[in-house]
Amino acid sequence: GRALLVLLLSATVSLLGGLLFGYELGIISGALLQLQIDFHLSCFKQEVLVSSLLIGALLASLVGGILIDRHGRRRAILVSNLVLLVGSLILTLVRSFIGLVIGRMTVGFAISVSSMACCIYVSEMVAAHQRGLLVSLYEAGITVGILLSYALNYIFADVDEGWRYMFGLAIAPTAMQFLSILFLPVNPVKLSSWDSDCQKGLIQLQDTEDRAAAKREPYKEKHYSFLDLFRARDNMRRRTLVGLGLVLFQQFTGQPNVLGYASKIFHSVGFQSNSSAILASVGLGAIKVVATLVAMAFADKAGRRVLLMAGCVVMAISVTTIGLTSRIVPLAMARDCKAAGVPSASHSLTQHPLMPEMSPQPVVSPIPPALGALKSQAGPGFAATRSLTEVFDSSQSRKVVPDSFLTQKRDLVSQSTEETVRGTGPPFGGTPWMEHRVLNWITLLSMMAFVSAFSIGFGPMTWLVLSEIYPAGIRGRAFAFCNSFNWAANLLISLSFLDLIDAIGFSWMFLLYGLVGVMAVTFIYLFVPETKGQSLEEIDQQFSRKR
């Protein structure tokens, strides 16, 4: 009975940790559309507000590992819950722009510490044959949190100062996670040893010699300094190579940006009404949820390596297909952002996201580029579902906006609609219209395949492997070190995307992502070990012995 209780509480902590992460990532896009009116935010201020969560998360990546290793995983999660409560209260009660930035930085710090501590704590708490399922549950929680945030964005879209409710509702799952973890032990309690799991036939070890050697060598927890991550001691340098390789390839295969233009593809296929656009966005989110559940089911059966390599292969094929089809049927990649209060701002900030922009040159996104950096751990579903709130808010009026402003908004949106309808006839002269339709559908299906592949492979498996390959004495700092590279690489990819498209073109950009995908498959095959069905102690001992 106690074992079952610990298992259920561990699952609850993992799911709620992911849900809070996904919720805080997704809620800003709906809140921003109200905040830019209530606080008269310029584009620069919108970028600062969106980036503030990223800055908080980066700070947490730099110092959170020390907190996790020195004070314990459980205490780190409890502290992150309290910090998140403080940040949510600040955002709910704030009356100034500076207060909003401080609140979002506080929230970013909290969810980053929680994301690291949850994965490590749960991986140490459960038996080896359950570890893949329960750590992957965190990724499933992220997806559910994002979809929940968009549902609440819709509910509070017409409420005066609805953004206060959006930010404040994060308090409920935070309190639930805080209470759940109070009933879990401070130190990891193995529900059953890996040896007894083997006797029950639950774990298939890779090598009987390794098992025999592991049994002969009693496991002793060692103490490590941060610099040991780069030394040959216990093969730590190779472990660091595996961790950094996974997080960097996760970003450089293009996942922060592949769905940044999902709305353009939806439009080209024919999703032109608000309702069909919403269905398309929710559909991508639903595909991500289903794919994550598949990863949870097979993580402990097929293994981490198999899912990582299969996901990478499908991702490489998908982005290569998008690159090739976009060479034949180019998509308009321009985006727009203007300061609130200017009449044309209503066009840029509430325009139907599936209507192509007619601007002649690439400009800045209505949701600032830094928001793309927040997709790192949420995965590509975030980018696609981001447009959902924009659709909701564009189709509904707001009481805080003067009637004349709304009239201008309606005129501009209707004008854009007419331009769009005129632009949807057979394009590009000589090529038959039907051929373009087929290619557009191929592009859409490729994007769906990309979402599924990421959610089965890189999405959950990266963090699962990171929580397994390091010794307990340095696991928190090592995880945080790799996590900081994850955030930094994501920010770099997101902010340089438009400049790279200007330099080499959209199709070549995606073909480059395909090449990186092939490199990622090679890297995983050569360097990433299979860790399914092995205790954390056994994984550590195998790493220490083998070069």
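From the backbone N, Cα and C atoms, a Cβ is placed for every residue, glycine too.
Here TrEMBL flags 10-532 as domain 'Major facilitator superfamily (MFS) profile'. Under the heading transmembrane segment, TrEMBL lists 49-68, 75-94, 100-122, 134-157, 163-184, 240-258, 278-299, 306-325, 441-466, 478-498, 504-528.
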Check: Which stretch, 49-68, 306-325, 441-466, tops the Cβ pairs under 8 Å count with the transmembrane segment (478-498)?
Finding: 49-68
Notebook entry, point to check: For the transmembrane segment (49-68), what are the same-chain contacts with Cβ under 8 Å, counting residues 6+ beyond its ends?
Noted result: 24-25, 28, 32, 35, 41, 76, 79, 97, 100-102, 104-113, 116-117, 120, 367-368, 370-371, 373-374, 475-481, 483-484, 486-488, 491
Item checked: Long-range neighbours of the transmembrane segment (75-94), counting only residues six or more past its ends (CB under 8 A) -> 13, 17, 20, 64, 67-68, 100, 102-107, 109-111, 113-114, 116-118, 121, 164, 167-168, 170-171, 174-175, 177-178, 181-182, 186, 476
